[in-house]
DNA sequence: CTAGCCTTGATG
DNA sequence: CATCAAGGCTAG
């Protein structure tokens, strides 16, 4: 998902910079304090934490996160000696204090999976000193402390309380990648465009493009199921911060163009912004309504009212990215891939915000990637120009630039997605239909752990009927639009699965910000 | 090969 | 000068 040849611009106060960016995904908590305490707020020594790989006693930060001394040494030896281990079993060997020696392959995979960074092992073997990521560790400590304070507020977004809820994953530590990176020429810079109404304060914020997709990838299975018990608890704080970030850019809302498929709509005070209608609303009328009644129209309006306006989402994402960059040092900028992850992350926050209750959260956790794909498709159909990809931030990238410079997987994903965009443009997908597709994807009665299967089925049926009636009433000349739209869903699913697989591979390579909602979703779904 | 302890040296 | 995360050393 990195975007070679991509130089989007973000408004101030981001600092223009043309070099490689440190992919540091740190907290948004403002300037660091001078406290560098090794104790938790409750006075408990931090060293009592257990190693995320084997559970042994943590001895400090090593190669990106808190680990024990032995895993530190193991990781160092493995990277320095360029070890390639093979697991004799199914790459799911138990990893604990007593068994960590038994399978170096699984141990190393787990090191990578929890976020240890190969890049932090020095190629020149220089001893001593600090690498340039020292400040990142410090901010990680602060964030850990902040998390402890926030533990009381972990209610609304918790999906699952696991026994090992990814507790010791690196908190957004993300040292500079040693992967091949390249700085873009000014030509490439101009291959991306700001939306004309993006805001007058927009300064050139070029980003590097990391061409590191086609490295050797580890097996695509998902080892260490115990890691995939995740919660959203770590995100309540950032989420709560979101409204504050509005003020940063809210005067610069991009005014998105209104196409024939007019996607602008007015929100009524009845619905809380960005929140879907309640389940009772969705089920308030029997699915066997009289077809000629306006019930489906009203129903669709209700669904639409729950949708977040694009300009608001755009503002949120921009504000988040701005703040992220503002909190970084000069050599510490997000790289392109990390920025894309951040965009996806913020869109996911929107989805979780949108989802009403636990059932919905569960459903979202099973189809988040499809919803993201749908969201992207809708944006392309509405705002996207023929040869460009339109990002949630309003920025545009030439498809040809991506295709020419990306690796096989990414090119394939972009091509497939653009094909789908073309088909949906031909179908003239409108916002009502998009929302219906979104609900049809969400309300999937096949999700195993869903208790109220009947409720999910009924909602699905109702949305299905609304979509059918809408297409018949609004596009009478296009007799099979309903069927054509439904036929696109398997491709949406297929693309989303490929994206998940791609993201997981990047995650194993340490490229994904570990403390992101994106990462948690990735793990939760495969749990 | 492992893992505990030691040395180093940039950083604030 | 203290800190602490790098690499080094070595007995087991």
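Glycine residues also receive a Cβ, built from the backbone N, Cα and C atoms like all the rest.
In TrEMBL, annotation is done automatically, which means it is predicted and not curated.
Here is what TrEMBL says about this protein:
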- A:25-50: region 'Disordered' (REGION)
- A:37-47: compositional bias 'Basic and acidic residues' (COMPBIAS)
- A:48-123: domain 'Nuclear receptor' (DOMAIN)
- A:258-295: region 'Disordered' (REGION)
- A:271-289: compositional bias 'Low complexity' (COMPBIAS)
- A:309-525: domain 'NR LBD' (DOMAIN)
- A:407, A:408, A:409, A:410, A:502: phospholipid derivative binding site (BINDING)
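For the domain 'Nuclear receptor' (A:48-123), the DSSP counts in helix, strand and coil order read 27 helix, 11 strand, 38 coil.
In the predicted structure, the domain 'Nuclear receptor' (A:48-123) carries a mean pLDDT of 90. Around the Cβ of residue A:409 (phospholipid derivative binding site), 18 further Cβ atoms fall within 10 Å across all displayed protein chains. Comparing the binding-site residues A:408, A:410 by how many other C-beta atoms lie within 10 angstroms of each C-beta, the top residue is A:410. Within 10 Å of its Cβ, the residue among the binding-site residues A:407, A:502 with the fewest other Cβ atoms is A:407. For the recorded site, residue A:407 (phospholipid derivative binding site), the DSSP three-state label reads coil. Largest Cα to Cα distance within the recorded phospholipid derivative binders A:407, A:408, A:409, A:410, A:502: about 11 Å as a whole number.
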